[in-house]
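The structure appears right after this line, and notes come after that.
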Amino acid sequence: MAFFRGLSTISKFRSRLAEQTTSLGSVRWLQMQSSSEQDLKSQLKELIPEQQDRLKKIKSEHGKVQLGNITTDMVIGGMRGMIGLLWETSLLDPEEGIRFRGLSIPECQKVLPAAVEGGEPLPEGLLWLLLTGKVPSKEQTSGLTSELHSRCRVPDHVFNAIDALPVGAHPMTQFATGVMALQVESEFQKAYEKGTPKSKYWEPTYEDVMNLIARLPVVAAYVYRRIFKDGKFIPSDKSLDYGANFSHMLGFDDPKMLELMRLYVTIHTDHEGGNVSAHTAHLVGSALSDPYLSFAAALNGLAGPLHGLANQEVLLWIKSVVEECGENISKDQLKDYVWKTLNSGKVVPGFGHGVLRKTDPRYTCQREFALKHLPEDPLFQLVSKLYEVVPPVLTELGKVKNPWPNVDAHSGVLLNHFGLSEARYYTVLFGVSRSIGIGSQLVWDRALGLPLERPKSVTMEWLEKHCAKSA
Ligand code: NMX
Ligand code: MLT
């Protein structure tokens, strides 16, 4: 089916990275080993006891070590900068951006198996990496592709539940409804009802997570074709990898679009644990709600305009610029348009971030994709102009902590170029991808026996009294 990069490249890269990262604790466990020839579940079975011991040791030896001070600003300011979660699959650096199990996006592009020589990583490879901390071989990756195909059966009641909604309902509403309908097959729920002991919770969680990840593209494609293609559905093609098959079921078979979908699904998977969707899933999962319930909750957070819906908002905003000023808008006109948006009380979608303080590397890799495959696209050129115009305006505004573009500033124009032009659908694509990171962490939440999440809240009166005493 596909070409995969040779292991020699991986081992060369591995030794280079090992040199660079020996001082970084975050990759100590990973140590850039490629994976031994085991299947995914057997590898997890082997890793879990080691990681349970590791956590026990951290707790017993360092349980009382302080990790920072909590200020009033943090409590009323959306908990920015407050460390409050354990999240194993990825870590976000404000300057450098995301690392998946210690690997940056360019590093993932180098070491993860690809479908095309020198092309984009296969999301299945990233799923393996997120779950195990190890780079899978090409055989393991294609084995995982087949496993996901074998799990992708979606029961009819899921389609019926979606069909009960008006066709005009937002795609995220239809998608989340489909996920809730999938929940009736939860293995975790069945195991819990049977009294499965806590030490075994991770196994039915793993089954649910893998089934969920396998089934989501079918549900998502159903929603797309129902709303935008007169209900003409396209069946899954078992000869294709995860990203390519998703694109195919949506109705897009251009090889460049297949590559885009592989890149898209890979980079949107995970963004450490504090973002709204991941944190929601972690919180809901901590009540031992099964992965379907937890992920459906996450989708409802992703559907907000300050989070995942921003990808929809960006393309709609860019189209409004073109409608009002044309594609060949000058930088001065663009600057005026940005100010007009701000002065009307709106945010400039696709710019800013709760943690990042530089250009999002997920933006950069999409820009590189555009420079390689669609440099002449007029909307890409407009996005490039925005990259020059928006940051100085947001800086001048004086209050924005990060004036640089995030992942959502770029994704829409790429999808639009290949014909996926329905902006209202874009957050569903983000949701399919995010299941990979959220699902991987949910397996570890249960494997590590993480407890119910229940932070303390206080009232304004409590704050006033406490601060008066401290003064
Ligand atoms: N346009 C206009 N104002 C902004 C922007 C922006 N792009 N970004 C931040 N601000 C404002 C923000 O609304 C706040 O104003 P106020 O004090 O009046 O409430 C002020 O600047 C300080 O906010 P920050 O501390 O810089 O940002 P915060 O961490 O609160 O919020 C975002 C982060 C991402 C919510 C914010 O930057 C934003 O609204 N961006 C536009 C929407 C967006 O692109 N969201 C996608 C995020 C990525 N994702 O995929 O989830
Ligand atoms: C994400 O991918 O979840 C967003 O960039 C938001 C975040 O990290 O807070």
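Each residue, glycine too, has its Cβ placed from N, Cα and C.
Automatic prediction, not curation, is the source of TrEMBL annotations.
Quick look at what TrEMBL annotates:
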ACT_SITE  His307  active site
ACT_SITE  His353  active site
ACT_SITE  Asp408  active site
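Between the C-alpha atoms of Asp408 (active site) and His353 (active site), the distance comes to 11 Å. In the three-state DSSP reading, His353 (active site) counts as coil. Cβ-based neighbour count (10 Å, all protein chains) for Asp408 (active site) stands at 27. Here the active-site residues are His307, His353, and the one whose Cβ sees the fewest other Cβ atoms within 10 Å is His307.
Recorded residues His353 (active site) and His307 (active site) have their alpha carbons 10 Å apart, per Cα-Cα distance.
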